[in-house]
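Structure record follows, encoded as structure tokens.
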Amino acid sequence: MASPRFNSIIIILFICTISLSIVSISCKEDLKTNQAALFAFGDSLFEAGNNNYFDSISSFRSNFWPYGKTTFKFPTGRVSDGRIMIDFIAEYAWLPLIPPNLQPGYSNSQLTYGLNFATTAAGVFAGTFPGSVTNLSKDLGTQLNNFKNVEKTLRSNLGDAEARRVISKAVYLFHIGANDYQYPFFANTSTFSNTTKERFIDFVIGNTTTVIEELYKLGARKFGFLSLGPFGCTPSALIINSTKIGSCFEPVTELINLHNQEFPKVLRRLERRLSGFKYALHDFHTSLSQRINNPSRYGFKEGEMACCGSGPLRGINTCGFRNGPSQGYKLCENADDYVFFDPSHLTETAHQQIAELIWSGPPNVTAPYNLKTLFRL
């Protein structure tokens with residue numbers, strides 16, 4: 001027969017167990033209530049599958065093998081072999097995977113965790129890569145309008161006060177503009193015959209700023225931005241000039257460098273002008289350039305050659321028979337050895353490294369806040 005002391009110990013342990021369970025449940029509920037959402041806007045760097053729901057031409061889709069082969073084991077629409085930086089940032093923020101906003105079937109509760117509006121080939125302008133989808137727009141203005149619809153749904157489902165809390169606490173992450181600078185050369189347009197490079201950059205940044213201000217009017221306060229990467233030095237860009245294989249495409253490089261000089265000035269002006277406006281700006285250009293130019297320092301074997309593609313540096317965009325079965329492609333054995341998965345897009349490993357810098361990078365990499373700090377505000 002058990003002693004009274006033993007019975008007392010059992011009772012105390014039982015009470016402690018119940019108490020810990022209650023605390024655990026309370027903490028989880030508190031996390032759900034106070035967790036900041038993540039809303040993403042942009043282009044193929046953040047694409048999580050929206051293009052699956054467009055009538056897109058095949059060269060702008062990634063819902064076929066070998067995309068997605070590393071982690072998901074099937075193509076999700078992400079333009080990578082696996083996860084992208086949005087996925088990692090969501091993980092660091094204790095959020096579920098953030099779904100593409102066009103994906104059917106997500107629950108209303110998912111809206112309180114965020115949505116991804118980014119789409120391959122999207123630009124600030126509606127006229128950037130206009131033939132990539134049929135009878136639809138996916139530019140930054142359209143992405144803003146899609147968010148406005150979500151905002152209305154949040155107000156309808158949660159009430160005005162709770163919707164305002166979700167919107168003000170959320171983080172809004174952007175990567176946009178690179179396609180606007182690449183498209184004039186891709187399509188051989190007369191853009192720069194009619195306007196100066198500086199004026200064109202003003203248009204790109206000005207339209208981006210308008211969207212930021214519209215989100216601010218809706219209650220958004222915390223923003224994250226990536227500078228534009230060295231897209232004149234991707235495998236696809238390195239083979240544009242057949243007489244200089246391996247050389248960066250200078251016209252795009254020049255525009256991106258000018259953009260990256262001007263955009264931080266605009267953000268500082270917004271910070272001074274808009275009460276409560278806080279932001280993180282990650283120097284994506286430097287982070288990616290370092291990995292292209294010195295891959296072994298970051299655990300890669302190849303910085304300029306793509307894992308999947310054809311031709312010199314696998315820089316021709318035929319990955320997964322993208323342009324039909326008549327155009328074959330080569331696929332590397334281990335994507336983790338490569339910075340680029342296809343001629344223009346990063347591997348999961350590269351995405352993860354960049355995501356870590358956006359999340360918790362020091363002030364010389366991500367400033368004036370990093371995303372970890374923004375999520376805690």
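Each residue, glycine too, has its Cβ placed from N, Cα and C.
The feature signal peptide is assigned by Swiss-Prot to 1-21, with sequence analysis given as support. Marked as active site, nucleophile by Swiss-Prot: SER44. Per Swiss-Prot, N-linked glycosylation site is recorded for ASN135, ASN188, ASN194, ASN207, ASN241, ASN364, and the stated evidence type is sequence analysis. Taken from Swiss-Prot, the feature active site covers ASP342, HIS345.
Shown on the structure are the features that Swiss-Prot records.
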{"residue": "SER44", "record": "active site, nucleophile", "Cβ within 10 Å": "24"}
{"residue": "ASN188", "record": "N-linked glycosylation site", "Cβ within 10 Å": "7"}
{"residue": "ASN194", "record": "N-linked glycosylation site", "Cβ within 10 Å": "9"}
{"residue": "ASN207", "record": "N-linked glycosylation site", "Cβ within 10 Å": "18"}
{"residue": "ASN241", "record": "N-linked glycosylation site", "Cβ within 10 Å": "13"}
{"residue": "ASP342", "record": "active site", "Cβ within 10 Å": "31"}
{"residue": "HIS345", "record": "active site", "Cβ within 10 Å": "27"}
{"residue": "ASN364", "record": "N-linked glycosylation site", "Cβ within 10 Å": "8"}
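Rounded to the nearest whole angstrom, the C-alpha distance between ASN207 (N-linked glycosylation site) and HIS345 (active site) is 25.
When the CA atoms are compared, the recorded positions lying within 10 A of HIS345 (active site) are SER44, out of the candidates SER44, ASN188, ASN194, ASN241, ASN364. Put simply, of the recorded positions SER44, ASN188, ASP342, the one whose Cα is nearest the Cα of ASN364 (N-linked glycosylation site) is SER44.
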